[in-house]
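Q: Questions regarding the structure given below will be posed in turn.
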Amino acid sequence: MSNKRPAMELGTVLVVGGCGFVGWHIVNHLLNFPSETDASVALPKPEEDPRFDYPQLAGRYPVYKPLYGSKDGIPGIDASFDYVVVGGGNAGVTLAARLAEQSFNVALVQAGGFYEINYPPAKVPGAVGIGTGTDPMAIRTPIDWGFLVNTGPGADSRTIHYEKARCLGGASASNFMLYQRPTIGSMKLWADLVDDESYLFDNVFPLFKKTINFTAPNEELRPANATVSYREDAYEKHGQPVDVTYPHAASPFSSWFQLGLESVGVEVTSEFNSGSLLGSFYCPFTLRPADQIRSSSESAFFRSPYSSRYLETLTLYKNTMGKKILFDQKRATGVEVATAGSKYILSATHEVIISSGAFQSPQLLMVSGIGPADVLQEHEIDVIVDLPGVGQNLWDHVFSGPTYPVAVETFNKLAMDLQYLISQIREFKSSHTGVLTNHGFDYVAFEKLPGSSRAGFTERTENDLSWFPEDWPEVEYIPAPLFVGNFSDPITMQPQDGRQYATILPTLVGPTSRGNVSIISADTDDLPVIHMNWLTTETDQQVLVAAFKRVRDIFHSEAMAPIIVGEEFFPGKEYQTDREILEVIRDTAMAPWHASGTCKMGTRSDRMAVLDSRARVFGVEKLRVVDASTFPVLPPGHPQSVVYMFAEKIASDIIGYSKDEE
């Protein structure tokens, strides 16, 4: 399978549903820069929020300042640092910032640049779906890696696009911003698998809190039927730097979705951030409360009022690829990197830390001589350590769901009505309100399937599911206020019949299928080969079919009847048997980009483990991996909270060890 994509990038033209061809530069302009018609845009005053101290554009839409105190690395010139961090996503930025905060000299290597410059709409919650579709030929954003993955035989062996952001902030610059934490039981399983009680929920709870600055929702702006509850003790009163809050708008479909869930026995719960997930809830976003734009690891650590303390000893190498980890015997000494084709060496006197994500962290290990010996030898790579688990154990959550026409406003209105879209862009800019403050996937639910849905489960399926802790949900339900289908292109695939559509996506959060990542050469410029292997087990197939049928029960409930204005649009009522439903799922299955586990931590007795519980690579010294690839299991829900926690944990470990050495 070729990993070079022919897809267009956004930058010239965008198809916006029934609006026809709209010059993307126009939308880009409206989203980011004041024009003669909207020059009076109002933003918070600097004294209200110091992040808006931009006197040269007082009262107008903000232009991002340079990074205070940071240094740009000089491409082509060898340099030495205490720590070299390769990858500037959720984990890499957090880890590099925490080390620099302690006055260590840190090099942060990132293959991309700033999303605020290269793709400003990434800041806007309502624009998150652009460029994320599965169609390999669809338009892509300028910050997309262009990964093509094979879904595996359980999902019809399709080759699809898998969105990953190539920019500072990584997934936190492109994800759907949902913030919730895993369960107590899932962290107990993690701790057991790595034989380290420091991963128990109570022990990592302070680390979950450490990164987050929580702001209560603005109930004056949110609709009356979209009120939220939360526990103040789930957050630090003065935590920072990543903002977590609720959007000013709520999806109209979500309040009906809540009623439908209650009608089938899924009750509203208090919140999702204190170790329990079962139930339903409005989920907070990683969102800045003042202007309702994305709060990523990059914007939080590098562009906040407190950034100077993270940046004074940090050197940033933008648009720079990690090519190879360098060793003296089996001690990591640095990284060979390349900027615009020019190769040079960044040496690390303390440690090298890889934070390149679930696809590229194992790739960088393999091209550097750490991985399955047979794979390395095939590509004439000298074997430093034979670790067969590198690139294995790929977890992901998988979804597919039905769509119905509804009598509430959904994304379809934005996609079909250009004037409405422009009015919402202007509202977002002028008052930070309106539908663009919310992508619509704002109300989620988790459950273990009830007995009525398990009648067809085999003994093997029940045994597989019993491996997961009691509080680990089997399914998440995500409302999508649009037609999803096979998710080929969320923008252009919307029906053009003038109706509004909504989908509910049942999502496997206890999957038993595992994928893998491998390499096609010894060069990191060649994207890795990725086999997701979704739905390869009977267990996953039976659970997702049962959950699909449960979603139909929700749509058909009395509670949702007032807004259902037609028969099932997709796949259609003719698909009724388990076999027919499974065929639909196999042909449309997609994931919310939660790939993880490909450099899993574990114990020495586990031959597939790559790291110890402190994220140190087995068989070598002074080398760690810190990102979602390290997870021994993918906890239920949305993993960005876990990535932030893990980065904080390893940073604390490194800092504590370094101080002990002094």
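Quick reminder: no glycine exception, Cβ is built from N, Cα and C everywhere.
These came from TrEMBL, pasted as-is:
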ACT_SITE  His594  active site, proton donor
ACT_SITE  His638  active site, proton acceptor
BINDING   Trp593, His594, Pro639, Gln640  FAD binding site
DOMAIN    357-371  domain 'Glucose-methanol-choline oxidoreductase N-terminal'
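Describe the structural context of each listed feature in the structure shown, including burial, neighbouring residues and relevant distances.
A: Cβ-based neighbour count (10 Å, all protein chains) for His594 (active site, proton donor) stands at 24.
His638 (active site, proton acceptor) is surrounded by 25 other CB atoms, counting those within 10 A of its CB over all protein chains shown.
Taking the Cβ of Pro639 (FAD binding site) as reference, residues of its chain lying under 8 Å away and at least six apart in sequence are, in sequence order, His594, Ser596, Ala628, Phe631.
Sequence-remote contacts of a segment are chain residues at least 6 beyond its ends whose Cβ falls under 8 Å from one of its Cβ atoms, and for the domain 'Glucose-methanol-choline oxidoreductase N-terminal' (357-371) they are 86-87, 89, 147, 164, 170-171, 322-327, 379, 381-388, 390-391, 394, 517-519, 522-524, 527-528, 530, 595-599, 610, 617, 619-620, 625, 627-629.
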Q: Please work out the number of neighbouring Cβ atoms within 10 Å of the Cβ of Trp593 (FAD binding site), leaving out its own Cβ.
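A: The answer is 20.
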Q: Far apart in sequence but close in space: which same-chain residues, 6 or more away, have a Cβ under 8 Å from Gln640 (FAD binding site)?
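A: The list for Gln640 (FAD binding site) reads Asn90, Ala171, Ser172, Asn175, Leu178, Tyr179, Thr286, given in order along the sequence.
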Q: Based on DSSP, tally up the residues of the domain 'Glucose-methanol-choline oxidoreductase N-terminal' (357-371) by helix, strand and coil.
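A: Computed counts for the domain 'Glucose-methanol-choline oxidoreductase N-terminal' (357-371) are 11 helix, 2 strand, 2 coil.
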Q: If you measure every Cα to Cα pair among Trp593, His594, Pro639, Gln640, the residues listed for FAD, what is the largest value in Å?
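A: Pairwise Cα check on Trp593, His594, Pro639, Gln640 gives a maximum of 11 Å.
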